[in-house]
Amino acid sequence: MGSLKLSTFAIVVCLSILLISPIEVNGWGKCDLRKGLCRLADTISTCDVPCRAVDSKYHGGECLNVGGGQGICWCCRDYDAAKSGAEKESM
């Protein structure tokens, strides 16, 4: 029975990863990079350090719920940095 729950959880996580598109989190700006799984029970965001290590444009991360006490780390950058980067790319 335990393996059935684990299999169901794995399927939910995989589908969530495939279906979730870049998001905007209130107060965080544009969150457009997934950086692995996180635990929702942690009081300190475990997403901040790995997200900052990816690139200096990311100021931290947010753990968003996918069920079963687990979440997906989304790395976030502020709106101004995202906007100025898009303007530079379009030139």
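Using the three backbone atoms N, Cα and C, a Cβ is placed for every residue, glycine included.
Within the set Cys38, Cys51, Cys76, Swiss-Prot assigns Cys38 as the partner of Cys63, by disulphide bond.
Partner cysteine of Cys51, as given in Swiss-Prot, is Cys75 (from among Cys14, Cys75, Cys76, disulfide bond).
It is 8 Å from the Cα atom of Cys76 (disulfide bond) to that of Cys51 (disulfide bond). Counting only same-chain residues at least 6 apart in sequence, those with a Cβ under 8 Å from the Cβ of Cys75 (disulfide bond) are Cys31, Asp32, Leu33, Arg34, Lys35, Cys47, Pro50, Cys51, Val54, Tyr58, Gly60, Gly61.
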